[in-house]
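Copied over from TrEMBL, here are the features:
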type     : residues  : note
MOD_RES  : A:Thr176  : FMN phosphoryl threonine
TRANSMEM : A:27-55   : transmembrane segment
TRANSMEM : A:94-114  : transmembrane segment
TRANSMEM : A:126-145 : transmembrane segment
TRANSMEM : A:193-218 : transmembrane segment
TRANSMEM : A:225-244 : transmembrane segment
TRANSMEM : A:250-271 : transmembrane segment
TRANSMEM : A:283-301 : transmembrane segment
Amino acid sequence: MFKKTLHIGTSPHIIGGSSTDQIMRNVVFALLPVAAFAVYTFGLSALLLLITALASCLLTEYFLNRWIDKSSPLSDWSVTITGLLYGLTLPPHLPLWMVFVGGVIAVALGKFIFGGLGYNVFNPALVGRAFIQAAFPVAITTWMAPFLPDRFSHIPGSTLTLPFLKPVYDITSGATPLSLMKFEHHTTDTYNLLMGMTSGSTGETSALLILLGGLYLIARKMMNWRIPVALLGTVYLISTVLHWSNPDIYPGGLFMLFSGGLMLGAVFMATDMVASPITPLGATVYGIIIGIMIYVIRVWGGLPEGVMYAILFGNAVSPHIDNFIRPRVYGTGKQWSKS
Amino acid sequence: MLFDLLKKNPTFRHGIHPPQFKEDTRDKPIRHFPFAPVMIIPLAQHIGKPSVPVVSEGQEVTRGQMLARADGFVSVPMHAPASGVIKKIGRVPSISGKMVPGIFLEPFPGSSQEVLEGKPVKVETSTPEEIINAIQNAGIVGLGGAAFPTHVKLKIPEGKHADTLIINGAECEPYLTTDHRVMLEQAPDIIQGVRYLLKATGAARAIIGIESNKPDAAENLRNHLPPDLPLSVQVVEVKYPQGAEKMLITAILGREVPSGGLPIDVHTVVVNVATTAEIGRLLPHGRGIQERVITITGPGIKKKGNYWIPIGTPLRYILEQAGAEEDIDRVFMGGPMMGTAVSSLDIPITKGTSGIVAFREEEARKKDVKIYPCIHCGACVDACPLFLNPSKLGILAKFKDYHTMASDYNLMDCFECGSCTYVCPSHIPLVQYFRISKLVLRNEKAKAPHV
């Protein structure tokens, strides 16, 4: 005898591909080597910073979602990405209380008020960083030298600054390759940039590990390759052409590619699926727009680095790109018009 | 050699690659199925007007005898699947879950496989109209699953013409191997059917489209190609939904059927390969269709295979004969991508049933797939064979903005292949939303006062 009741549902009766939580989890995996190298480069301060960034983002997501009665808000892993990315964009010895405040802002104002996962207009991690940039402009542009000998035994004084007090910097500070270039006209060797031997934000220094993480996600079809390719290609092309026209003023293409937050931004930030266009052509245009913005801010703007603002700008125009760039629907358009 | 490797089979753009699951049945020759103790024959097994009974309760009928006549042009007659007695004319259970008008027929014990002969229709001596009429009289509908009366497609509208006839042997649905077996075992019938179809449509040539996962079928048909017939075989890439009319036309001819239009708008007529074989087999004997080939498969079936099954055989009887596991939990008619899940086993197979797939509980689509919000990943955009934006359509459907869906995002073009739902990582029931949206719009249109 067969069962009396059968399960019904409408087709398709099979599903394939990866699920959203799998995609998010894999982005976290791709970021782990970058985070590990950050801790290796900057020591205890980077470790504490990443833990604080993660904790503030996860706690904010958890409590806000509990407040509106959403169950298991952390199970989709998206806020883990936000926490990690946010931490990786900050200077390694930023006071922890600032890190915490920025993390709360990132999730609450960057994600939650828009409606949570899938509805954010901007990349939440960058919203958090933008807040820090506006609120603590000095702290976020004070850099720490890499590979200090006592980095695993000594916690920098600034890291443990009490809330609302001015941080005291007790360790060797370092200038980032971009500020060296901008203010002292000194370019850093590309090899050092690639391998992460320089000063900079916690997770931006090793271009190589970031690229490997990106390649992993592209191979697993969990990242739209067009965005980083268009973005990096645009920056490289503009800087190479201008460098060739006047090498004294304009830095070379490779230096531009591997310095600052470009690699981290192009691979892990601009590719935030929610805040980027959905069509292949739209994604390419979006990458090009961000690339141009980065170059303009870096070379002609007042700041040494422009990746964050450029991506936030890209996020803002992304819905409009989707509105304007639409693939031609099958069987429509002039050539197929019904006669 | 290298050139051969680089040469790709033609196809359409986008689409998906679901697992095939065809290995279980593709090598199983088609076998005959016994008659069930009772046959259930709905009067509407096709798209169009239901047929009208011409027999009465208690009457004895012969296999192949007409039980109900066509009601108008977009309708087809029904024929007796077995010799027996008409038990009742009334309401019968159907796949929709509703009771529909139909006939119960009780076959004689030991009823023979003999079929009533009718007036033969020869290709050489018949006019296109006569062939089209004969196809209608044979009760033939699209056997690929759509069940649209075939003769309606063959009647070329005034002012239009057909230059190419495409025989659809793509069979892109996972699990199904009926068309595959038909192409291996019934090549002469297919060739004969093509002769009728070419004459009926006036098309200059015919092309059989076959997915490259059936090389033996393509080979077999090529060996049977008669020199006097403008018929060729075209192998196309394995991709779902390659068997959709529009996609096959684009793959083989590079033509796009206009939005809201029909294949004839690009001078093409598409007929399923099993339908073609049926035409080639029935018309020379003036017979009506009383059985069809069905793949019975899935993890819940012990005797998987391809069978000739009399139309009207109850599903429960088929599953018992095919050794279905007792704990089957999901049964659907057709393939897993576009087939219909049945709510009861006491319904009959009809002319449009191309497969029966049974899943046990653990193999069925996981019940607790978590639905996440759309993360804008674009997988659906890359899958949609019509270049629609299922992500945007899904968001609009959620807000019940059906009119914008139709006016700005071509909702009505969607033929519900389900590729978007298959790939969605957030498991959003996109195609299900679209079905509801289309239904709402259609009902609205029907209710609107006519001017």
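Glycine is treated like the rest: Cβ placed from N, Cα and C.
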Interface check, the transmembrane segment (A:250-271) with the transmembrane segment (A:193-218), three or more C-beta pairs under 8 A
yes
What residues, ordered by sequence, lie under 8 A Cβ-to-Cβ from the residue listed as 'FMN phosphoryl threonine' and sit at least six positions away in the same chain?
A:Trp143, A:Thr198, A:Ser199, A:Gly200, A:Ser259, A:Gly260, A:Pro304, A:Glu305
Going through A:94-114, A:126-145, A:193-218, A:225-244, A:283-301 one by one, which has the most CB pairs that fall under 8 Å from the transmembrane segment (A:27-55)?
A:193-218
Check the transmembrane segment (A:126-145) against each of A:193-218, A:225-244, A:283-301 and return whichever range has the most CB pairs under 8 Å.
A:193-218
